[in-house]
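Written below as structure tokens is the structure these notes are about.
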Amino acid sequence: IVFVIIALVLCSEAWATSDHEEIKSYIVYMDKSMKPDHFSLHQHWYTSMVDQVSGSKSDPAAMLYMYDTVMHGFSAKLTSTGAQAMENMDGCLAVFPDSVSRLHTTRTPDFLGLSSSDGLWPQSHYGDDVIVGMLDTGIWPESKSFSDQGLITQVPEKWKGECQVGSEFNASHCNNKIIGARYFVKGYEAMYGPINEKEESRSPRDTEGHGTHTSSTAAGSEVPGSSLLGFARGTARGIATKARLAVYKVCWAVDCVNSDVLAGMEAAVSDGVDLLSLSLGLVSDAAYYDDPIAIGALGAIEKGVFVACSAGNSGLSAIFNTAPWITTVGASTIDRAFPGPVVLGNGKSYMGSSLNKGKTLANEQLPLVYGKTASSKENANFCLDGSLDPNMVRGKIVLCDIGGNGRTEKGLVVRRAGGAGMILANEPEDGEDSSTNCHLLVATRVDSKAGQYIRAYINTTRNPMATIKSEGLTVVGKARAPVVTAFSSRGPNTVVPEILKPDLVAPGVNILAAWTGHAGPTGLISDKRRVDFNIISGTSMSCPHVTGIAALIRGAHPDWTPGAIKSALMTSSMPFDNLKSPIRDSITALPANAFAVGAGHVNPNAALDPGLVYDLGIDDYVSFLCGLNYTAKQIHILTKKASSCPKLLSTPGDLNYPSFSVLFKPRNSIHITRRTVTNVGGAPSVYEVTVESPANVSIIVEPRTLAFRKGNQKANYTVRFESKIASDRKSRVRPEFGQILWKCLKGGTQVVRSPVAIVWEDDEERTI
């Protein structure tokens, strides 16, 4: 279940017109101010435009959604000719084909330091009356995580949403915890055809599990005695246990179609949510004016709604959701392990991670075979469907390499071939990643080094043997944590290199949370087990942790802007693990750089009182977009209004962001940027700067001290970056990293920390 459950080629439902031209769904961005006077409503204008390009009165089903809050425009089914004609009509800013996003698919409150006696929980009243909007696969309302017991107050008066009735879902499924639930499927069905209502519910009900898991992580109620088959037993609770949930089902069996995602964002902001959480992202990066999530998120930010998104599970590949108004969350581990050691026939043992319960090999040594040698088929090392020869696998433990297909699918392939157990071996790019699954057979996952040793043992031993010790143990407090997990997408930001992403990391590995009653813990159709809670991994899991913490901060500081909340989360984050050493990267086993960890690991109690914040508003983002040299139309798409850019443009790096990402282009060795901080701590107060410069860059901050006489007072400072590497360089230079820290000398003890990333662009490669 991690980043993508199923990868499919983008397709669309199509039917023939008189000239056999294919019809697809499109998102149309409009200049609302251009509405002709003879239309009383924008909706009438939009419908008329669809009729006009269709050549006659269009099918009412051709109009999918109309948007007026997070963006201006609509989505509709059009031919390519109709879409081109639409783009040439007065008032139309742009027409883009509808696209898809993919899902980026307890112990954590304790690991994060949340306490009922002190700090963020009691000071925020556990997020009471804060409304968290979850855009995902829906919700399983019967889960105890969504009980409203203990929520004494009624639904907040600002709430304007609804509990939408549908298949297996009625108004009684909403309560004082789930205060609203809606579903959006028009875009999905326009692209893929009708949903299979035998497998999916045409309602907010979650048949996948992903949305139930993320919702309970962000704001689930306390459930004592929770576990997955005995693993991670304890009291499961969301981060903001008393926050209210508003659920928007925008993802279905195959994908999340972005016209539906936009409709969900539109509804959520109109309904009155305080925060939006999206554990999903585009399948490839795009300019922000061509990114529906970025467009919808900026519209939400303008209305005062905080937006968190997952960074993606592509590891060293591109990071997603990089717009600066989005809080982009990577994934890290917690200090909980599920040991499942492998013992080879030669007596050597290698630690693995396993969720075996009730399935055991009784420590019996069994024949061991490598998937690659158990078949004549190519890529059998990945244990792909149909790749294993049952005659070579039956009754044996099979070593399978990570990659090619899902981990739980590998277990199904091995079981179908008659295998008795499975060892999953990380590839080098997976490093020490320990995320595991509740497989259909005895299985464990080992790191890449252990995988190399086990392969060597198989290749050099006449009759290799092994066993997997499945003891069903949960070990807490022993593992080094946090560690940035291998699958967490990393920078640099390929859309705008001057914005450092991810923003921070949060727990996203082996997370226990509520699950759907419709699917087993593997999510496979053949898995007939049913569980109340499941353990899964992904940046999908880390995102709702940050959403929940942001909900607590909103509860404690209701007057803070989304920019202030984001800044507090970033500048207070932790750079160290539980051994007081720099947070490591599981790929390299070395200290994680800012492209992996962002500003650091989220630190909830410190975020409550960050001292200084780098605030941002819509005008700051307009200046940023101007600095990107976006056209007037492109900026209008994002901001919903006409904007004029100054003749003297700022650079993208001048955005008042809580981190620094400096791009030295060829023949450019000096970069100067400015920042403004706002005092949200004690007063009077004085802060002094400390700079940790990379080896090949000089960093000078002026002034070196900032004094504040009162709360909410602002102060400015300038940073000068000078490269020590020749400006006419011919070869590529590796990125370097540092940090800028403002330490409170008077009026508090806060340390306001900003990471610094430096990238040199060479002559051959004009982008990173």
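Each position is counted from 1, following the chain as shown.
Glycine is no exception: its Cβ is also placed from the backbone N, Cα and C atoms.
Here's what TrEMBL has on this protein:
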- 1-16: signal peptide (SIGNAL)
- 25-104: domain 'Inhibitor I9' (DOMAIN)
- 196-222: region 'Disordered' (REGION)
- 196-211: compositional bias 'Basic and acidic residues' (COMPBIAS)
- 366-453: domain 'PA' (DOMAIN)
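Mean model confidence of the domain 'Inhibitor I9' (25-104) amounts to 92 (pLDDT, 0 to 100 scale). Helix, strand and coil counts from DSSP across the domain 'Inhibitor I9' (25-104) read 27 helix, 28 strand, 25 coil. Secondary structure of the compositional bias 'Basic and acidic residues' (196-211) per DSSP (helix as H, G, I; strand as E, B; remaining residues coil): 2 helix, 1 strand, 13 coil.
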